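K.L.:
Mind looking over this structure? Questions follow.
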Amino acid sequence: MTDTGPLQPDRPDLDRPLSVDAPFEPAGDQPDAIETLVAGFESGAEKQTLLGVTGSGKTNTVSWVLEELQQPTLVLAHNKTLAAQLYEEFRELFPDNAVEYFVSYYDYYQPEAYVEQTDTYIDKDMSINEEIERLRHSATRSLLTRDDVIVVASVSAIYGLGDPANYEEMALRLEAGDERSREDLLSALVELNYERNDVDFQQGTFRVRGDTVEIYPMYGRHAVRVEFWGDEIDRLLKVDIVDGEVVSEEPATLIHPAEHYSVPDRRLETAIEEIEGLLEDRIDYFERQGDLVAAQRIEERTTFDIEMLQETGHCSGIENYSVHMSDRETGEPPYTLLDYFPDGFLTVIDESHQTIPQIKGQFEGDRSRKESLVENGFRLPTAYDNRPLKFEEFEAKTDRTLYVSATPGDYERDHSEQVVEQIVRPTYLVDPDIEVEPAEKQVEDLIERIQATPEDERVLVTTLTKRMAEDLTEYLENAGVDVAYMHDETDTLERHELVRSLRLGEIQVLVGINLLREGLDIPEVSLVAILDADQEGFLRSETTLVQTMGRAARNVEGSVVLYADETTDSMAAAIEETRRRREIQREFNAEHGHEPRTIEKPVSETNLPGSSTDTDGVADVAPDTVDEAEQLIERLETRMQEAADNLEFELAADIRDRIRELRETFDGLEDPNEGVPSPDEEF
């Protein structure tokens, strides 16, 4: 195992066994699930499914399984928001191990495209988040230097990445006492794609001060100071970026490239020769087709890229030449994050019923966009090799897989050696009781149920359309119900405030369309009402119904009412499954003498800018002067960075938007520094 050196101050640097630090022991069905899953993998099972009901502690169960298996693990989530939540949970559960985060580093991403119908070329446009880029480099570095690694990732994990062999081969090892001149070090850093910048010291740069060279690696929060005595490295120091204070002295360190697509000089020369040869063939192809515009276009664009590669070792869109930068052939699977893992790693696919379809859909969407670029002379055909993995390639690269879901899909069930159920919750809560009522007078019945709900309990109502939700909210208000409406345009600040208001009793009812996407796990909710439950479709599928019913499973008094004029197949299956689980839970509690208890979850101050409970004063009244606006923006920027550091990307983006509004209102204020994640969608 290679030394990691002093570059990871935010997590331990030494290999340790994966060890869970939890304030509680496994309970409910967790002990049996852990034992069964571990035994399955140890006996040779390649694929298993953990079917865990809402609130059963699936993440904790997975953590205890990892502790038993002691293997590097990839945890896949279907969006950045869920990945961030899992990342925080695993970091808390494994404080002494390398828990890493790997998602798309784009705040904004417009892929390169060409629209033939209108002869419109759309150049690639993007904004990269530096903190997420740092975390991506931290993830790949950890995978190549230690074993106790858990990487939480989105579907970015199946998109092209640089050759891990190049990334590892080019790593620069420095030791105190090495015979190496300052000039040799500077040359080596340039080859690793680090840039010299003596003024603006940021990630991926180095600066020189006399006999001292300071390097700010892509993957750490501290810099490395290299002090020379003549042509010998005298000392290696870890230093604070802000004040320059020495944190520690280190005997050695390992500097990995600043770009995942970095390549050794000899490989780059070969790549350029291959690109030049392919370019000649492509020009001939277009000329034979009589398409002189495309011939000129591909020649100009590719020649410029070649010149940049020759001068700097890098070019914009270098990923489109990735097949030339590695030892693979055209058509072979691209190198991805999965190739940085050692053999025999474990893959955990969270919310597999959503993540599996997402993985399956990535390749075709990417291919169709690139066809137009290649056929019209904007890219060489090898651009096709810069792509996500096909699903069968993903399967081939993952050895042992654990699917995790409350509602596994057919794929998981068909491909798993066993499906392990986790039905009994650690809190011993049972699934809610279910009633089906006619849809004809659903609103009148709903109002009666709301009025019968105790003051300390809450109600969630889900409708099919935005218009229905708005009309219902207005009707309930006129009937004297304290109600609010949550929809897809409700931003993070409003969502936090709405949920808090519901929990505090400021409102009793929350109406929404797809309550699943809101992540509403509220212990006070004792009634979930599903209107028009017999309208087949995504929002009323078996999976969605089971998930929505689970929103009432955190309260002892939890119940669900489905309004329908007929019982659809989806309804029947969802009701049967929920009642089956409820019976198992009740039998377990009776046999072991357990009393269900409502989950206790304190209602904390949201302290979010723009909220009524903003105790930091960020949510000031609208400023009247430029000075007031500048003061408010300064506070908002501090909160924005805190949110980004905590991986609360949607919140950070909403604060960023508030800053932009203030700057537009008060002319003359400088533009905000970009670098805060936008709400998630991968590509």
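Cβ from N, Cα, C; glycine included.
Below are the features I grabbed from Swiss-Prot:
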| type | residues | note |
| --- | --- | --- |
| BINDING | Gly52, Val53, Thr54, Gly55, Ser56, Gly57, Lys58, Thr59 | ATP binding site |
| COMPBIAS | 587-603 | compositional bias 'Basic and acidic residues' |
| COMPBIAS | 604-615 | compositional bias 'Polar residues' |
| DOMAIN | 442-604 | domain 'Helicase C-terminal' |
| REGION | 1-29 | region 'Disordered' |
| REGION | 587-620 | region 'Disordered' |
K.L.:
Tell me the Cβ neighbour count for Thr54 (ATP binding site), meaning other Cβ atoms within 10 Å of its Cβ, over all protein chains shown.
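P.N.:
That number is 20.
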K.L.:
For the binding-site residues listed here (Gly52, Gly55, Gly57), which one has the lowest count of neighbouring CB atoms within 10 Å of its own CB?
P.N.:
Gly55
K.L.:
If you skip the near sequence neighbours and keep only those at least six away, which residues in the chain come within under 8 angstroms of Thr59 (ATP binding site), Cβ to Cβ?
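P.N.:
Residues satisfying the criterion: Leu86, Glu89, Phe90, Leu93.
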K.L.:
Which ones in the same chain are close to Lys58 (ATP binding site), with CB under 8 Å and 6+ residues apart in sequence?
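P.N.:
Result: Leu50, Gly52, Val404, Ala406, Gln422.
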K.L.:
Is it possible to list how many residues within the compositional bias 'Basic and acidic residues' (587-603) are helical, extended or coil according to DSSP?
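P.N.:
Taking each residue of the compositional bias 'Basic and acidic residues' (587-603) in turn, the totals are 6 helix, 0 strand, 11 coil.
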K.L.:
Taking the center of the Cβ atoms of Gly52, Val53, Thr54, Gly55, Ser56, Gly57, Lys58, Thr59 at the recorded ATP site, which other residues in this chain have a Cβ no more than 8 Å from that point?
P.N.:
Thr61, Ala406, Gln422, Arg425
